[in-house]
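Participant: Following this message is one structure expressed as structure tokens.
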Amino acid sequence: MKKLMIVEDEKMIRQGIQAMVQRSPVEVEEIILCKNGIEALEVAKNQKIDVMITDIRMPKMDGITLVREIQTLQSKPKVVVISGYDDFSYAVEMLHYGAKEYILKPVDRDKINQLLIRLDQEIKEEQEQQISVEKISHQQLKYMLMNIYYDEKEIAAMENRFKDSFLHGQYVACCTNFKSLTPPCLNDVIYLEEINGQSVFIVSIEQKEELLSNLLKDHFVGVSKVHKSLKELRLAYEEAFHARKIAFTTGSFIVEYNPSEGEKETVSEKVLDQIVQMIGTDKLDAANKILVRILYKTKQGFLEPDHFRSIMETIVDKISVIYRNLLDHDMDQRPLRNIYEYDTAGSYFEVITNWIEVINERISTEFDDYKNKQKIQKAISFIQDNYNKNLNMAMVSNYISMNYSLFSYVFKQYTGMNFVNYLKAIRINEAKRLLEVTDYKIIEISNLVGYENEKHFMKTFRNACGVSPSEYRKNVQVGK
């Protein structure tokens, strides 16, 4: 339970109930104390209260009036009424206005415990039900956004389902490549993920600026025009996605929808064939210049974002067919086909040009295998001389002056294992030797073979050998 509010004009009773709640088996994150109904109503208007325990007789605003006013709020707490008056008429009236329980003073601790346990369970069940309903509703909204044709009866049913939501007022759609492990929980915002690789936020016009300036402040966002009613939701999404594409190509954080005007340029397939054929030759720089020119024209608005996407996808397809024998599992080209999942055209461009560079070097490798073998042999010697230091693949690839990605590929081809496993094997073998022929402590051996953290060393050793370093040493000694 997140928030519980106690409304009682007598300080001692108020604090006594607070103590009972704190000692109950139900964990309450925050307890709010109010001395009259006016204070409590103000709190309830501005915060989501799970449970409210209130007296009846209080100055300024009594409990009956408070409970009646609470029922007008969108978010209503579960109400427990306490009173020193055993008056059935009070009980009937309070229950009529939504009170869950009516108990007499003095308040019994066991009664409070039982109530809180029951109410906490009700809250959890309602939350689970709400989550389930929201998931279904959001799936239906996603279906609407991703399909041009939909049944008018379905729209009518959905309008009825969302009749109390902000969608019947003014709203906008915001589209970006936002990713989050935990869905954001915001008022007057509907969050829909994985729609054509994008996240879509449907937000009331009142909450628009807060969303853009907080949660989405570091994202490149497309924003639709202002819309009203569920029937316009598909159009709002199309506008937001169009604006998102402009944000992607121009590198602008926020782009408001504005229809494209005039004819745009295109790049012929002949030019794309030239780019692909230059890979693996001494003309790669010329290919890069053409690509840079394409990116520049896209950023300046001379090329449509979707034409830029088509160009890049075509290049990836052609390379994948021509050089398929050089493409290992570590060169998965699928991410390169979903360009709008990247922040901007610039960030995508950096990834695809690096990918092309690796392809180019792998082609060169086919004609310079002996030279690469010499470099890998040099790298292995370096590893064997420095395995006891803080070593990583970047350091070794720099030492032999080889591209990081190419080094990873060639090293595995030569040794049969990746760099991390190769380094680990050397360290573990040396650790086994030291355990066999020396009396060094485990922590000393850990440092001698390149592990600064003894626990990490012991875990790695056990995973590799099936026993701990101490057990390994003991087994060796027994064998002797």
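Cβ atoms here come from the backbone N, Cα and C positions, even for glycine.
Annotations per TrEMBL:
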type: DOMAIN; residues: 3-120; note: domain 'Response regulatory'
type: DOMAIN; residues: 377-475; note: domain 'HTH araC/xylS-type'
type: MOD_RES; residues: Asp55; note: 4-aspartylphosphate
Participant: By DSSP, what is the split of the domain 'HTH araC/xylS-type' (377-475) into helix, strand and coil residues?
Facilitator: 74 helix, 0 strand, 25 coil
Participant: Report the same-chain neighbours of the residue listed as '4-aspartylphosphate': residues 6+ apart in sequence with Cβ closer than 8 Å to its Cβ, ordered by sequence.
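Facilitator: Looking at Cβ-Cβ distances below 8 Å from the residue listed as '4-aspartylphosphate', excluding near sequence neighbours, one finds Val7, Glu8, Asp9, Glu10, Ile13, Gly63, Val81, Ile82, Ser83.
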Participant: Find the average pLDDT over the domain 'Response regulatory' (3-120) in the predicted model and report it.
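Facilitator: In the predicted model, the domain 'Response regulatory' (3-120) has a mean pLDDT of 89.
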